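Q: The structure is given below, and queries will be raised subsequently.
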Amino acid sequence: MRGSGPRGAGHRRTQGRGGGDDTPRVPASLAGCYSAPLKGPLWTCLLLCAALRTLLASPSNEVNLLDSRTVMGDLGWIAFPKNGWEEIGEVDENYAPIHTYQVCKVMEQNQNNWLLTSWISNEGASRIFIELKFTLRDCNSLPGGLGTCKETFNMYYFESDDENGRSIKENQYIKIDTIAADESFTELDLGDRVMKLNTEVRDVGPLSKKGFYLAFQDVGACIALVSVRVYYKKCPSVVRHLAIFPDTITGADSSQLLEVSGSCVNHSVTDDPPKMHCSAEGEWLVPIGKCMCKAGYEEKNGTCQAPSPVTNVKKGKIAKNSISLSWQEPDRPNGIILEYEIKYFEKDQETSYTIIKSKETSITAEGLKPASVYVFQIRARTAAGYGVFSRRFEFETTPVSVAASNDQSQIPIIAVSVTVGVILLAVMIGFLLSGSCCDCGCGRASSLCAVAHPSLIWRCGYSKAKQDPEEEKMHFHNGHIKLPGVRTYIDPHTYEDPNQAVHEFAKEIEASCITIERVIGAGEFGEVCSGRLKLPGKRELPVAIKTLKVGYTEKQRRDFLGEASIMGQFDHPNIIHLEGVVTKSKPVMIVTEYMENGSLDTFLKKNDGQFTVIQLVGMLRGIAAGMKYLSDMGYVHRDLAARNILINSNLVCKVSDFGLSRVLEDDPEAAYTTRGGKIPIRWTAPEAIAFRKFTSSSDVWSYGIVMWEVVSYGERPYWEMTNQDVIKAVEEGYRLPSPMDCPAALYQLMLDCWQKDRNSRPKFDEIVNMLDKLIRNPSSLKTLVNASSRVSTLLAEHGSLGSGAYRSVGEWLEAIKMGRYTEIFMENGYSSMDAVAQVTLEDLRRLGVTLVGHQKKIMSSLQEMKVQMVNGMVPV
């Protein structure tokens, strides 16, 4: 906070408008005004133009408490002394008043002119902003006024719960700031009919009372106050991940993040309430968690929608004992309709109803009573579940005819004949099906079960073919028991037939639903493309498509689809989502969600220094949440690195790359060999290198390296050290140094992840909790690791990168492609490598090295030189 009182005010200068193509010019019709004296018509014309050009809508995250441009009546402001500030009353083309105030006592000494606003309610906001638009005369353009003319004015505020507390003494007001103009106008500007309008914004907080007054003090300037806008900022209500986050007023501190819990949209649920964080600038940051649509509903445009009800039902043939109906598919099926459920009952007997299921849009209900009214309702079922029933439709069966009533004597004969026929038919069916009864679920029952209870045949077949998809089941997978509600990772390699694993965990997609647009990379087995996926009844989605190259072997196909078998078991917002596979046509494809920003390491390198610490922590939190999910399922990733994290346009990070098989060989580089090449050991825990012991704890070590990559914006871990040197240094206790400008809390978490004893490393759920605490308390991230402690944890020698490897400062700078700074270094006394080795980050800024990327490159090289100069540092 800035300011001279007990409460301060930050300030931000937004714009000043002056000459050039964008400069507003006074219309020719008003040119006559400018030949008038300074006071009166001249200012009136000038200010009228200014006001008309600045009636702009406020951004959606700003809520106005006062806008003098929109007040229709009297502002109620008070000026004293009365011959100081003067209100100029004009109207625009719609006859709405334009409120402007001017003062120009530049020829008189000791000016002290005050303009007081009426009481302004803060509406619960603890930090408010004041936007001023004004014009100011250049003192040099006023003959005879140089000794007394000023080019600034002062702004004050006073907090009060009293709406009528105008009796405030001058010394009770707290100064917000002295306001100066970016541009002032001269006599020449008046001749050219050019208006120069300044815009200044200041903020005040924290506020503790219900409202406040503003005051403007003139001390001898020639100024016109065109408009005053007072507002606070909020994070506007938004729906994110099927959760509604309400309007949230920002906090009092400019660095404060407010944690806000969201509520799930209708027909969606979650285990833990989703959260987002409202920044001081009115932006939603760091989304955590999401809601999921309930069974029977599907996500569409931020809502959970069920299949729309059947609305158009037509009656077909109606008889005394049956009614035939037909209907049209719902307007919004929200997916492929699998079947319809028809519920009907005799009117006024709703408790006794019958259900018919049909895959067609027509049915015939039989066995009804003559001359009776029946009520029908229909609903559709998709893969997401059932929709809502339609409204009730009533139809009446026909009465019994007279001829039929005279033939009642024939009914017993017909009934006996039908009964005998049914029994004979049941006996025949029983003998025919007795050998296959066990296959359909009757167990050891003999053929007699079919004879004695013909209905069992139907039930047996129904339970096999018509099993309710929502019924809870217990599955056995190659010796693994999968209980309802317990998600456990199942290794696809335990399946005798790998294709079974693919079909178990991945959805088959028709190739015709996929449109490939462009190639975005090359994978281990073929090209990686971006494209679109359009499934029937669903909206089109952008997707990434991995293809299997032509001429593949069966083993390559099995390995390629193995990743889909793994990925298909995961369902988490921070794990890459598998849309499905194409295996019944060529090319064989794996289809996943599309992540616009690609791999995290490349993205960070392209955007070096562009994110706040909170945004970086939000990325790390997402990765940790994804890894916690994998750890809870019993899955060990083994290859966690920034290159295997994908990031979308909302900066949400998702763990990917589940398809690599790893075999540790006797390699001089101590690398893991895979089908696609070698994975460097820089991300791998020491026990995994030495004993092939991969656990969630070894993933935690890798996560610490990912943290280092993120905070250093994609820098290569251990720089150009060889793998052998890295293994040796880590075994001896050396650890990576803190990245530049790294919060101490984050670096300490990295060191915790790099504990040699894997049992001493934090669990992923603990890491998520630690990062949540940092996000809720941003001030804890302000303490940075100092330069000396950064060097103390540096790794052992980096070969020939020390100061002795370069003969001059110029040669060193050229070697790291920073030769442009050679002359600056020499001019400031850094003429030897020994002198250069003592340079700090502050020195670089003082020398004019302002680009963050250049600072990092030079400091990294200097740190490496220091390592060689001390010839081995103290282990962690």
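A Cβ is built for glycine as well, from the same backbone N, Cα and C atoms used for every other residue.
If you look up Swiss-Prot, you'll see 62-240 marked as domain 'Eph LBD'. Taken from Swiss-Prot, the feature N-linked glycosylation site applies to Asn266, Asn301. The domain 'Fibronectin type-III' annotation in Swiss-Prot covers 306-400 and is backed by sequence analysis. Look at Swiss-Prot and you will find Ile520, Gly521, Ala522, Gly523, Glu524, Phe525, Gly526, Glu527, Val528, Lys546 tagged as ATP binding site. The active site, proton acceptor feature in Swiss-Prot is assigned to Asp639.
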Q: Quick one: give me the count of other CB atoms within 10 A of the CB of Asp639 (active site, proton acceptor).
A: 20
Q: Whole-number Å only: compute the distance from the Cα of Asn266 (N-linked glycosylation site) to the Cα of Gly526 (ATP binding site).
A: 43
Q: Taking the center of the Cβ atoms of Ile520, Gly521, Ala522, Gly523, Glu524, Phe525, Gly526, Glu527, Val528, Lys546 at the recorded ATP site, which other residues in this chain have a Cβ no more than 8 Å from that point?
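A: Going along the sequence, the neighbours come out as Cys529, Thr547.
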Q: Mind telling me which of the binding-site residues Ile520, Val528 has the densest Cβ neighbourhood, counting other Cβ atoms within 10 Å?
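A: Answer by Cβ density within 10 Å: Val528.
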Q: In sequence order, which residues at least six apart in the same chain have a CB under 8 Å from the CB of Ala522 (ATP binding site)?
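A: Correct list: Val528.
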Q: Would you please pick out, from the glycosylation sites Asn266, Asn301, the one with the fewest other Cβ atoms within 10 Å of its Cβ?
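A: It is Asn301 that, of the glycosylation sites Asn266, Asn301, has the fewest other Cβ atoms within 10 Å.
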Q: I need the CA-to-CA distance for Glu524 (ATP binding site) versus Asn301 (N-linked glycosylation site), whole Å please.
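A: Distance (Cα to Cα, whole Å): 35 Å.
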Q: Write down the Cα-Cα distance for Ile520 (ATP binding site) and Asp639 (active site, proton acceptor), rounded and given in Å.
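A: Counting only the Cα atoms, the answer is 22 Å.
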Q: Between the Cα atoms of Asn301 (N-linked glycosylation site) and Ile520 (ATP binding site), what distance do you get, rounded to the nearest Å?
A: 28
Q: List the residues of the same chain that sit at least 6 positions away from Gly526 (ATP binding site) in sequence and have their Cβ under 8 Å from its Cβ, in sequence order, or write 'none'.
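A: The list for Gly526 (ATP binding site) reads Lys546, Thr547, Leu548, Lys549, Pro587, given in order along the sequence.
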Q: Hey, what's the widest CA-to-CA gap across Ile520, Gly521, Ala522, Gly523, Glu524, Phe525, Gly526, Glu527, Val528, Lys546, the ATP contacts in the record, in Å?
A: 14
Q: For Glu524 (ATP binding site), just give me the three-state DSSP call.
A: coil
Q: Count the Cβ atoms, other than its own, that fall within 10 Å of the Cβ of Glu524 (ATP binding site), considering every protein chain shown.
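A: Result for Glu524 (ATP binding site): 18 neighbouring Cβ atoms inside 10 Å.
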Q: Write out how many residues of the domain 'Fibronectin type-III' (306-400) are helix, how many strand and how many coil, based on DSSP.
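A: Per DSSP, the residues of the domain 'Fibronectin type-III' (306-400) fall into 0 helix, 47 strand, 48 coil.
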